[in-house]
Structures are given as C-alpha cells and as structure tokens.
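Student: Marked as active site, proton donor by TrEMBL: A:E306. The active site, proton acceptor annotation in TrEMBL covers A:D380, A:E408. Taken from TrEMBL, the feature domain 'Alpha glucuronidase N-terminal' covers A:27-144. What TrEMBL records for A:149-468 is domain 'Glycosyl hydrolase family 67 catalytic'. Marked as domain 'Glycosyl hydrolase family 67 C-terminal' by TrEMBL: A:469-693.
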2 protein chains.
Amino acid sequence: MSIKKSGATIIFFILISVGYANDGYKLWLQYLPFENKAVSDYYRDYLENISISGESPTLDIIQKELIIASKGFFDQQVLPEFSKTTDSNLTWIIRSEDLPEEIKGKLGTKLSEVKEEGYWLKSYQGKIIITAKTDIGLLYGTFAFLKAIQTREKLENLDRLENPKIQKRLLNHWDNLNRTVERGYAGFSIWNWHRLPNHIDQQYIDYARANASIGINGTSIFNVNSNALILTPEYLEKAKALADAFRPYGIKIYLTARFNAPMILDSLPTADPQDPAVQVWWKKKTKEIYSYIPDFGGFLVKADSEGQPGPHNYGRTQADGANMLADAVRPFGGIVMWRAFVYNEKTPTDRIRQAYDEFKPLDGTFRDNVIVQVKNGPLDFQPREPFHPLFGAMPKTPLMMEFQITKEYLGQETHWVNLATMWREILQSDTYAKGKGSTVSKVIDGSLHGYKLTGIAGVANIGTDRNWTGHQTAQADWYAFGKLAWNPDANIDEIAEDWLKMTFSNDVDFVATSKEIMLRSHEILVNYMTPLGLHHIMARSHHWGPGPWVTGGGREDWTATYYHKASEEGIGFDRTEKGSNALAQYAPEWKKTWGDADKIPLEYLLWFHRVSWDKKLSTGNNLWTEMALRYQKGVEGARWMQSQWAKMEGKIDQERYEHISSFFKIQVSEAEWWRDSCLLYFQQFSKMTLPPGVEKPKHDLKYYLNFKRNFVPGI
Amino acid sequence: MSIKKSGATIIFFILISVGYANDGYKLWLQYLPFENKAVSDYYRDYLENISISGESPTLDIIQKELIIASKGFFDQQVLPEFSKTTDSNLTWIIRSEDLPEEIKGKLGTKLSEVKEEGYWLKSYQGKIIITAKTDIGLLYGTFAFLKAIQTREKLENLDRLENPKIQKRLLNHWDNLNRTVERGYAGFSIWNWHRLPNHIDQQYIDYARANASIGINGTSIFNVNSNALILTPEYLEKAKALADAFRPYGIKIYLTARFNAPMILDSLPTADPQDPAVQVWWKKKTKEIYSYIPDFGGFLVKADSEGQPGPHNYGRTQADGANMLADAVRPFGGIVMWRAFVYNEKTPTDRIRQAYDEFKPLDGTFRDNVIVQVKNGPLDFQPREPFHPLFGAMPKTPLMMEFQITKEYLGQETHWVNLATMWREILQSDTYAKGKGSTVSKVIDGSLHGYKLTGIAGVANIGTDRNWTGHQTAQADWYAFGKLAWNPDANIDEIAEDWLKMTFSNDVDFVATSKEIMLRSHEILVNYMTPLGLHHIMARSHHWGPGPWVTGGGREDWTATYYHKASEEGIGFDRTEKGSNALAQYAPEWKKTWGDADKIPLEYLLWFHRVSWDKKLSTGNNLWTEMALRYQKGVEGARWMQSQWAKMEGKIDQERYEHISSFFKIQVSEAEWWRDSCLLYFQQFSKMTLPPGVEKPKHDLKYYLNFKRNFVPGI
C-alpha cells in the first residue's frame with residue numbers, strides 16, 4: 001500500500017456529503033467527515049504522523065485502517081504519514097516490550113496488567129501511546145483509538161487499559177452450503193463456497209475488520225445443523241482460505257461437527273463415541289483439519305437435538321460425545337463447544353426442563369477443553385425469558401453463553417429492537433449460586449466458579465444484504481454483542497451511544513432521540529408480542545408473526561397451545577411445584593418471588609404461573625385487561641418510535657434515514673397484527689370485552705387464522 | 001432535494017481516490033473524479049448551471065442524476081444550480097414543444113425526427129440543448145450527455161439525434177419467489193418479496209437508474225418457469241410497488257403467466273385456451289392486474305416446454321394459447337411475449353428443429369399484440385450457435401430476440417467473456433429472407449418484414465452480489481445488451497470502450513488493453529470449451545464445467561452424447577439432408593457453405609456435420625489435431641488475458657483490480673479443466689496422441705469423470 005501525503009494545506013469542509021447515498025455497508029466504521037474545521041484540526045495532530053513499530057500482517061492492517069479512517073475523517077484531503085521510529089510523532093503504536101526503557105519505567109507496573117489480547121491507550125507527555133503485548137492487542141487498541149475519535153473524545157487525558165473478560169468470543173453462522181441461512185433474515189450467506197478458495201472477496205476482509213473492531217476472535221462458519229461434507233478436503237480447502245484471510249485480524253475458524261460424520265463420509269457402521277474406530281476416525285479427521293488450518297479453533301456441536309444425531313443414539317451421555325471430540329483436538333490446542341440445547345424426541349411434560357436435567361448431573365465429567373454452550377434462556381430465544389437455570393448450576397464445567405443476534409422470534413429483520421437491553425437483563429440476573437451478586441455475567445466470565453475456559457457466542461445476523469443485517473439498526477446488535485463479549489458488564493447505554501455516533505452522526509439531538517428509541521425498543525416489542533410472560537406463540541416453523549392458535553402436528557412442544565394453555569379457566573404454564581416444577585431448577589431465592597403469583601414481576605407471570613382471566617394484578621387490572629392494555633401499549637410504543645424517527649430526517653444521510661423509515665411501516669403494521677390477532681384469539685377464552693383505550697381489531701379472528709404466509713425467509 | 005451551491009472557488013484534485021475501495025455497485029455510473037483541473041474546468045461550465053424546463057417525477061430524477069454525477073466528477077466540491085428558465089445557462093434540458101420559437105425555427109425539420117423515446121443532444125450557440133418529445137426522452141438524453149462527459153467527448157460540436165430501433169427492450173429475470181435465481185450466478189434475487197410492498201430498497205431505484213441509462217424500458221420480474229402465486233393479490237401488490245418505483249424511469253413491469261393458473265388458483269377443471277370459462281378467467285385476472293398496475297406491460301409465457309403446462313395439453317396450438325392471453329390484455333394496451341422455446345416431452349431426432357417446425361406453420365395466425373420471443377440460436381445459449389432459423393422465416397409474425405446475459409453455458413460468473421461479440425455474430429448473420437443483407441438485426445428491428453411490434457429481451461445476470469453481476473466485467477454484458485437493444489447494429493467496439501471508460505478509467509493504456517481482452521475473450525472461451533462447432537457438452541443440469549461424457553437419464557436430448565455422437569468413426573451431428581436436415585430450415589444460400597463439410601467455416605463444422613477424426617481440414621491439420629490445438633489455444637488465450645490484466649494494477653482501484661484478478665485464477669484453471677477432460681474423453685475415440693504444443697493433462701480421465709460438483713449455484 002503506497003502512502004502519499006496530501007500537499008493541500010487548505011481544507012474545505014462542505015457538508016454536501018450529508019444526503020449522499022450510504023447503504024450502510026461500512027457499519028460502525030463509517031469514519032464520517034469531521035463536522036467542522038476546529039474538530040478536524042484537533043484530531044489532525046494525532047492522525048497526521050503516526051509511528052508503528054515493527055512489522056507483521058497485523059501491523060499492516062493497522063496502518064491500512066488508519067488510512068481508511070483518515071480518508072473518511074478528512075474527506076480524502078489528508079493522509080497519515082507513517083514511520084517506524086517514534087521521534088516527534090504524536091501517536092505511537094508499539095508493543096510494550098519495544099517501548100523505550102525510560103517510558104517503560106514511567107508507565108510503571110500498570111504495564112504488566114496488559115494481558116495477551118489487551119491494550120492500553122495512554123496519553124503521555126502530549127502523545128498518545130497505544131501499546132499491547134501482541135499485535136492483535138495493538139489492533140484492538142487502534143480500533144479503540146479510532147472509536148475515541150469517532151465519538152469525539154478528548155485525547156489529552158486518555159488512560160484506557162482494557163483486557164477482554166471472556167476468552168472465546170465467537171460468532172456462530174447458521175449458514176448452509178447452498179447459501180441459505182437458517183434463521184437468517186438479511187439475505188443469504190456471505191460465504192460464496194463456489195468461488196472459494198480462489199476468490200477472497202473484499203467482504204470477507206471487511207467482515208474480519210468489523211469483528212476485530214469489536215474484539216470478536218472466532219467464527220464458526222457453518223450451520224450447527226451440520227453437513228458432513230464440510231469435513232471433506234473440498235470444503236476444508238475453502239475454510240482454510242477464510243482462515244488465512246481472518247488470521248491477521250485475530251479471528252480463528254471453528255467448524256461444526258456432524259456427529260455421525262464417520263458413518264456418512266467413510267461408511268463406518270457406527271458413530272458411537274466409545275467405539276475405538278470412531279475415536280480413531282475423529283483423531284485422523286482432526287489431524288487432517290489442522291493440516292489445513294494450523295490454528296483451527298475447534299468444534300461446535302449440536303447433538304441429540306431437533307433430528308441431529310448424537311451420543312443418545314448409542315446410549316451414551318453428552319459428556320461421552322464431547323470428550324471424544326475433545327481428545328481429538330487436544331493435541332493441537334483446540335476446544336469443543338458442546339451445545340446444551342438438547343431435547344428428546346418424545347415430548348416432555350415441560351421442554352424447558354430438559355437441558356438442566358440432562359447436563360446438571362454431568363457436571364465435572366467433561367474434559368477441560370470442553371465448554372458447554374447454553375442459550376440465554378431455557379426455551380429458545382424468546383423476546384423475554386428468565387435466564388437459563390444451568391447458569392450457576394455447573395460449577396465444575398465451563399459454561400458459555402449463546403445469544404441469538406439474528407431475530408428469529410423478534411420480528412425478524414424489520415423490527416427495530418435493541419437486543420443489548422435483553423442481554424443485559426440476562427447477564428445481570430442473579431443466579432445466587434454463591435449468594436447474592438452471583439450474576440450470570442460472573443458465571444460466563446469465569447470469575448464465579450474459577451472456570452479455566454470462558455466463552456460467548458452470538459448467532460450471527462449477517463447476510464448478503466447491502467447493509468449486512470437487513471435492518472440498518474440490527475448492526476447495533478452485532479456491535480453490542482462484541483462489546484458485551486469483551487465485557488459482559490459493559491454499560492449498554494454507552495454501547496448504544498457509541499454505536500449511534502460511529503454509525504450515523506455526533507449530532508446531539510440525533511444521538512439522544514435515537515438512543516431513547518433503542519433503550520425503550522425491547523420492552524415495546526415484548527408488549528406487542530408476548531406480554532406478561534407469554535412465550536412461543538409465534539407462527540409455526542418460521543416463527544414470523546403471531547400464531548397463538550398453533551396446535552397439533554408432530555410435536556406438542558413445537559406448538560403455542562402447549563406453552564400458553566389458554567382455556568376459559570385461565571392461561572399460563574404452571575412451573576411451580578404444583579406444575580412442572582421447572583422453578584426448582586433455580587436457586588431457592590427465586591422461589592420466593594417467582595414462586596408466588598402475587599409477588600412475581602408481571603413480566604414473568606405466565607411463564608411460571610397459570611392464572612385466571614379475572615385475577616387481579618398489582619396494577620389494579622385483572623389479567624385480561626392488563627394483557628389487552630399491554631398489547632395496546634406495545635403498538636403505541638412502535639408508533640412512538642416511528643414518530644420519533646421521523647424527526648431525524650435531515651440529520652443523517654437520506655438513504656439510511658428512509659431505509660429505517662420504511663421498515664417502521666412494517667414494524668407498526670406487524671405490531672397491530674400481533675395485538676389484534678392475539679387479543680381476538682385469547683378473547684375466545686377470557687370472554688371479556690376489550691377495555692377502553694384498546695383499538696378495535698382491523699379484522700376478525702378468522703382473517704388472522706387464515707392469513708397465508710408464503711416464502712418466509714430464514715428456513 | 002435541496003440544492004446547495006459550493007462556496008469553494010479553489011478545488012484540489014488529489015488522486016488518493018485511486019486505490020480506495022470500490023465494490024462496483026455504481027456500475028457504469030461511477031462518475032469518477034476528473035483526472036485534472038483542465039478537464040474539470042472544461043466540463044464545469046456545462047454542469048454548473050443547468051436549466052430544466054417543466055415539472056414531473058422524471059424531471060426530478062434528471063436533476064438528481066445531475067447532482068449525483070457532479071458530486072462524483074468534482075469530488076463533492078461542485079454542485080449544479082438549476083433553474084426553470086433557460087437564460088444564461090449553458091445546458092438546457094427541455095421538451096421540444098417548449099423550446100423558444102426562434103430556436104425551434106433554427107433547429108428546423110430535424111426536430112421532428114425525434115420520436116417518442118428519442119432525444120437530441122445539440123450544441124447550439126455555445127450551449128448544449130438536450131431536447132426530446134417526452135420526459136423519458138429527456139432522461140435518456142441526459143444519460144447520453146453524462147456519457148459524453150464520462151468518456152471525455154468534446155461538447156462543442158455535439159449533434160446526436162437518437163431514436164431506439166426496437167420498441168420493447170426488456171430484461172427477463174428468472175427469479176423465483178424464494179429468491180433463488182434460475183441460471184443466476186451473482187447471488188440471489190434482488191427482489192425481496194418479503195419486505196415488499198412496504199420497503200422500496202435503494203437498490204430498486206439504482207436498478208431503474210442503470211436500466212434507464214442504457215434505454216431498457218421493461219422488465220419481467222419473475223421466472224418464466226412461473227408460479228401462479230404471482231398472479232394473486234399478495235404478489236400483485238408487491239409488483240405494483242415495483243412498478244410505481246420504476247415508472248418515472250420509463251420502465252414497465254411484465255409478468256410471467258403460468259398457463260394453468262386458472263386451475264391452480266381457482267380450481268377450474270381445465271386451462272384449455274378454447275374454453276370460454278378459461279378465457280373469462282384470464283380476462284378477469286388481467287383486469288385485476290391492471291387495477292394494480294395501470295401501465296402493466298403484458299405477459300411473458302413459457303409454455304409446453306421443460307414441464308411447463310401449455311396449449312399442447314389440450315391439443316391446441318401455440319397461437320391458440322398466445323391469442324387467448326392477447327385478447328385479455330388488448331383492451332389495456334398490453335402485449336404477449338410468447339416464447340418459441342417449446343419442445344416435446346418425447347425426445348426428437350433433432351431437438352434444434354422443434355421451434356421452427358412448431359412455429360413456422362403458425363406464421364400469420366397470431367394476434368397483432370403477440371410477439372414471439374426466440375432465443376438467439378436453435379439450441380440453448382451455447383458459447384456458439386448459428387442464428388435461429390425462425391429469424392427470417394416468420395414475415396407475418398413479429399419475432400423478438402432473447403439473449404441470455406447470464407452465462408449459463410459460458411462458465412457462469414467467473415469467466416470474463418464479452419457477450420456483445422457473440423451477439424453481434426448473431427445480429428449480423430444474414431437470413432437471406434429478402435436476399436443478401438437480410439440480417440437478423442433487420443428482422444428484429446422490424447425493418448425487414450415491416451413488423452408493427454418489435455422487441456428484444458435479455459435474461460438478466462443480476463443478483464445480490466455487491467457488484468450486481470458476480471464478475472465485475474459481466475456488468476459490460478448488461479450494458480451492451482441495453483445498447484444493442486436500442487440499436488442492434490451499434491458498434492460493439494465503441495460499446496466496450498465506452499463501458500470501460502465509464503466504469504473504470506479514461507486512461508489510454510487501460511482502455512486499449514482491456515478492450516483487446518474483451519474483444520478477444522469470446523473466441524478464447526469457445527476454444528477452451530466448445531471448439532469447431534461442439535455444443536452442449538457441459539455437465540448435467542447445472543451446466544458448470546465439462547461433461548462430454550454425460551449420457552443416459554430421462555431425456556436423450558439433455559445429454560452430451562446426443563449432440564456430439566463421438567465414436568471411433570468420428571464426431572459431430574449430421575444436420576445435412578443425410579442427417580436431421582435441420583440445415584433445410586435455413587435459406588438455400590446457407591446450404592452452399594454450411595452444407596458442405598469442406599466449405600463450412602470450421603466454427604460450425606461439428607454443429608452441422610459428422611466427420612472422421614482423421615479428416616483433413618482447411619488448416620492442414622486433421623480433425624483431432626485441430627481440436628486439440630484449439631483447446632490448447634483457448635487455455636493460452638485465458639492465460640494471455642490474465643497476464644494482460646496483471647499489467648492493469650494501479651491503473652484502477654485496487655478492490656476491483658483484485659476482484660477480477662482472482663476470478664482469472666478460476667477462469668484459467670477451469671479452461672485447463674475443460675481442455676484436459678474433453679481431450680482425454682474424445683481421445684478414447686480418436687485413438688490418436690496429443691499433438692506437439694498441447695500440454696499433458698493434469699489428471700487422468702477417471703479423475704475428471706469422478707469429479708464431484710456440490711451445490712453449484714443457479715439451479
């Protein structure tokens with residue numbers, strides 16, 4: 001990359017960029033032009049002359065990113081000059097071991113607090129020093145430096161030392177070989193297998209840049225409903241090409257392992273994890289994978305779940321299965337991420353009990369390079385669930401969090417809902433495993449139980465859409481996932497604010513208004529979809545739109561009626577000791593509040609209790625009235641978001657403004673669809689009228705029951 | 001759209017834009033920054049102050065396009081000012097009827113030569129006048145004006161009066177409702193049905209802009225292998241949303257009609273076109289469509305072909321089917337495009353005879369709002385075919401051309417092959433229908449037979465890929481299709497040159513080198529895939545890669561062996577009077593050359609003749625040697641293209657340079673794959689050794705026979 005210095009000394013800032021087309025491809029790495037000369041002059045000092053010590057592909061990437069950023073900030077009028085020496089430059093990017101001894105001394109022992117992937121941004125005698133133990137740390141530090149500029153931080157007193165709190169920070173792509181994406185709503189898979197390995201698309205590089213900028217250090221590129229073909233040389237060669245492209249960004253490749261691959265690929269008679277031939281097969285296969293990808297991260301496995309083969313087929317435990325694979329990757333330093341989302345082929349009394357019942361007894365029986373990957377809640381990525389009871393219940397087995405960034409049950413890609421709000425609710429939930437304050441975040445960062453291995457995974461919401469994520473604002477969920485993966489206790493207010501500034505504008509009004517939309521969006525969605533603890537009342541299979549009437553079919557626990565159990569007597573799933581007693585999977589402290597239908601926070605009421613329609617609630621309303629009012633409130637919330645957004649016109653580029661505006665049309669009309677159809681359906685049982693303030697449904701129930709959905713994406 | 005004037009009087013041109021990321025999304029509408037101040041100053045006079053007379057959505061689009069262009073040309077430093085009056089402005093955009101009388105007088109009778117969609121760019125007393133009868137003509141004129149600037153034409157003596165030679169200039173999208181694209185290799189369908197009608201994506205607008213810029217005025221948005229669902233209100237509402245978006249760009253929507261839709265949608269017992277209830281059904285359905293889309297263009301129909309239902313099912317003719325639909329759309333001014341790609345369920349002696357045998361006898365029996373859509377050759381979009389014998393054979397029935405812009409049989413999306421070269425070969429072929437000079441172009445522009453209705457369709461190569469077309473250079477095929485649709489006798493050299501300048505750079509070396517690659521590319525591909533008239537020897541079904549060994553299966557005429565008939569005695573399909581006599585479908589003049597295996601141009605030899613391996617050819621080589629040398633020449637040609645392209649580094653942006661470079665890796669290796677596997681396969685029959693100069697195959701035949709293709713795109 002050739003580096004030129006601008007000869008221009010006079011710079012004109014003409015704000016005609018505003019209103020110019022912006023499809024959102026650049027994500028939060030927009031590096032939008034500075035808003036005036038004063039701001040530009042201030043940061044120019046730090047960007048014009050930069051010292052980067054050393055040489056490596058990662059350091060090249062750092063240099064390139066600084067060029068891209070400068071081109072953006074200065075509207076192509078200023079380019080940084082780079083030098084290897086530190087003399088006279090205001091910004092230094094330098095490994096801590098290479099710092100001049102004098103400075104090392106002055107920085108003191110704090111320097112040793114910078115760990116493997118950490119960094120330190122330190123203002124020092126008028127300079128900014130970005131230092132780290134590793135080049136990846138320097139890359140993270142550079143992105144932090146650029147973020148400080150993007151969000152208009154003052155640099156003089158910068159003193160930011162950061163280490164990731166979680167080791168394995170992964171995206172999980174549920175991408176199929178035909179490029180469809182299971183639960184993908186942003187088009188199709190960005191992985192173009194047909195063109196790999198020869199063609200490395202710029203989008204793969206930009207994917208790696210984006211992930212590195214938020215600290216993600218691993219990616220599992222295939223669907224967990226896996227195809228054994230990915231373990232053949234044809235696809236390993238393609239995976240290797242991606243691994244090579246991602247390596248300098250600090251991102252490792254993981255593969256999903258289909259449990260019966262030995263049978264499919266090499267006609268072994270069994271996939272029994274205790275069968276020596278099967279064990280040998282996996283060891284050989286693993287060795288082969290490492291011959292392609294020397295730093296292969298390991299396997300991600302969905303077994304004994306939704307038709308996937310697994311150790312149950314041979315009467316073995318989940319630990320038997322996981323340990324076999326763990327033994328295969330151990331010599332190479334790999335790990336196994338074994339999903340806890342296991343459930344029997346027979347419909348149980350209460351599906352949400354299963355993972356706990358299956359895994360809890362296995363605590364302590366897994367190899368130390370196995371980590372069990374647990375969804376945030378015990379059911380399946382609902383708009384609201386209590387935290388998964390396994391968190392806190394497996395002190396001897398590392399557990400990692402699985403969040404779903406893609407919005408399977410949350411209106412898919414056209415609803416603006418800020419997932420960080422929901423994730424915080426989970427992460428800050430108290431497991432009481434070691435007394436008060438034993439939050440889920442402390443379980444997964446390893447501090448509560450002293451896990452040696454820690455991890456977090458987000459099911460990606462990335463596709464071929466020009467803006468990556470369908471909704472422009474769904475980029476915020478990808479961003480927030482990275483930030484919470486780095487630090488699960490991070491402040492989601494700040495995350496939202498930073499994202500807005502980096503992605504759209506530093507305009508004060510814009511940031512304030514949009515942040516309020518973001519922070520209120522989750523509760524609004526819960527209200528118009530599943531208020532009061534309702535769950536799994538989406539349409540069958542694709543889960544798009546309401547389907548409280550879904551009943552019958554292959555499995556009862558794939559229906560809505562199984563979960564809401566509405567009748568004239570009442571509604572809700574009794575999970576107290578009088579019912580399935582799933583509540584007992586939680587610490588006793590929770591029984592006190594959640595176990596009592598009069599004390600439980602209303603947002604979990606119907607999750608844990610079955611109550612009558614006329615039950616009087618703490619709000620003063622009876623259940624039916626409260627439900628109807630909450631649905632109405634959700635619709636009004638969606639309309640409020642839409643009207644707030646309408647005020648943003650002109651504050652950002654027109655293309656993204658309009659993109660979001662038109663999605664609001666969909667969101668508001670779907671919110672109404674949810675309210676009208678759910679209330680009409682439940683009204684059959686409550687036999688009560690809609691309370692004042694709740695709008696009359698647009699159609700009758702029959703209309704909603706007969707509404708045909710064709711070609712819904714994501715399945 | 002607010003219009004601001006730049007306050008800047010000093011402009012700096014810093015060429016750091018070169019090397020900045022460019023994903024190709026802007027197509028040939030890049031409006032790249034002027035290369036120096038002199039060029040900038042020259043065009044600035046014409047772009048700074050522009051008069052646009054009148055008001056309409058199309059005139060708004062013109063204004064917006066001029067802003068986009070100026071932002072690009074002047075690197076965001078200059079914006080045009082617009083006025084409604086013509087005083088003092090150097091550029092006028094004005095309907096001819098609105099021209100001042102004085103100027104009308106001076107422009108004279110030539111003004112009346114400007115037809116409905118035509119325009120006149122006229123330098124007049126130091127001004128540029130862009131005038132037209134209609135606003136769409138003005139839009140086309142504006143794009144012509146911008147092209148003149150993009151290609152650095154001098155404007156002083158501009159005098160360009162253009163009318164399209166063909167009326168209906170359409171793209172045909174073979175896009176399915178699940179967003180897969182049949183024979184689509186650039187990702188998936190850009191039509192996001194799920195989000196329509198509420199969300200009109202910017203990409204739809206940019207699609208319309210691009211098409212308008214090359215004069216395309218219609219688009220058929222669904223696959224010809226159609227789904228009756230598209231005729232239901234759910235999808236008509238979505239189609240209407242697109243029609244509304246495209247209307248101001250002069251682009252009409254057409255729909256594909258599934259022939260048995262009355263049975264599928266309304267349970268009619270038959271779809272017999274002579275059945276009154278069926279006729280009434282289509283009339284009602286058509287009326288309904290027009291209630292959504294008042295300027296609906298009409299139907300495109302694939303019937304009685306590859307499993308599609310059609311009039312044959314009821315013992316009716318293609319004319320019976322087409323006329324029924326024609327009667328339905330006639331009251332609204334619609335047309336029916338009835339595809340000639342009909343073939344029986346039984347394998348015939350020679351499949352290429354069928355369309356002619358079926359349609360020729362029907363000449364004169366179609367309604368006057370029917371146009372028969374004929375593929376360029378009698379088989380199916382092969383790398384080289386002679387022109388379709390129906391051209392020239394249907395004087396009383398309008399025929400339109402169907403080209404395939406997507407590269408089903410041409411290596412799909414990773415081979416650089418300039419299709420305009422192939423299309424010119426067809427368009428300039430002489431049908432001899434009315435004596436020498438009766439070219440195919442004169443058939444389809446209507447001049448030969450006096451057709452009242454004329455048309456041309458291109459099967460789109462557009463998908464979700466960030467550059468629209470997979471290969472950056474496949475944009476040139478979309479561009480050239482538009483240009484040849486406007487004027488089928490247009491100079492393809494100029495088309496290539498203009499496209500290169502508009503898309504990449506005006507650099508003289510770059511344009512010369514790249515143009516040579518483009519103009520040689522088709523012959524190179526024919527050599528490494530199907531030299532000497534070979535055809536349909538691609539792999540089964542997806543048609544990617546070689547498959548000369550494909551034999552057996554459901555239909556003989558879907559195999560390779562049916563077409564090449566290789567044995568120890570020789571190779572080729574005898575289509576002379578000793579064989580299928582398909583040759584007799586052409587004018588007698590062709591029999592003289594094509595009928596004689598010693599006189600026929602070698603590129604058609606095996607298309608029309610079966611000859612022995614040792615037959616001596618005009619080149620002095622025997623058939624086997626010539627075949628082997630041509631395969632080798634094709635591979636060398638691909639390598640030559642690659643090495644020429646390597647010289648272009650630094651002349652254009654790095655992203656597109658590298659994108660094309662990496663596709664060359666694929667193209668060269670696939671050229672070798674074609675050569676090696678075809679020669680090894682045919683060598684079994686020729687029993688001769690490879691001549692000197694032909695490289696030894698990399699693998700043995702068994703390797704190629706067993707090569708597994710997984711998840712090939714486009715089916």
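Any Cβ shown, glycine's included, is placed from N, Cα and C.
Note that TrEMBL annotation is computational and uncurated.
Worth saying up front: this structure is predicted, and the values here are computed from it rather than measured.
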Student: Measuring Cα to Cα, how far is A:E306 (active site, proton donor) from A:D380 (active site, proton acceptor) in Å?
Tutor: 12
Student: If you count the C-beta atoms lying within 10 Å of each candidate's C-beta, which of the active-site residues A:E306, A:D380 ends up with the smallest number?
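Tutor: Per-residue Cβ counts within 10 Å for the active-site residues A:E306, A:D380 bottom out at A:E306.
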Student: Mind checking how the domain 'Alpha glucuronidase N-terminal' (A:27-144) divides into helix, strand and coil residues in DSSP?
Tutor: 55 helix, 24 strand, 39 coil
Student: In whole Å, how far does the CA atom of A:D380 (active site, proton acceptor) lie from that of A:E408 (active site, proton acceptor)?
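Tutor: Distance (Cα to Cα, whole Å): 9 Å.
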Student: Can you see whether DSSP assigns A:D380 (active site, proton acceptor) to helix, strand or coil?
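Tutor: The residue in question, A:D380 (active site, proton acceptor), is coil (DSSP, three-state).
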Student: Which chain-mates of A:E408 (active site, proton acceptor) that are at least 6 residues away have a CB under 8 A from its CB, listed by sequence?
Tutor: A:R183, A:D380, A:F381, A:H543, A:G714
Student: Find the average pLDDT over the domain 'Glycosyl hydrolase family 67 C-terminal' (A:469-693) in the predicted model and report it.
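Tutor: Taking every residue in the domain 'Glycosyl hydrolase family 67 C-terminal' (A:469-693) and averaging pLDDT yields 97.
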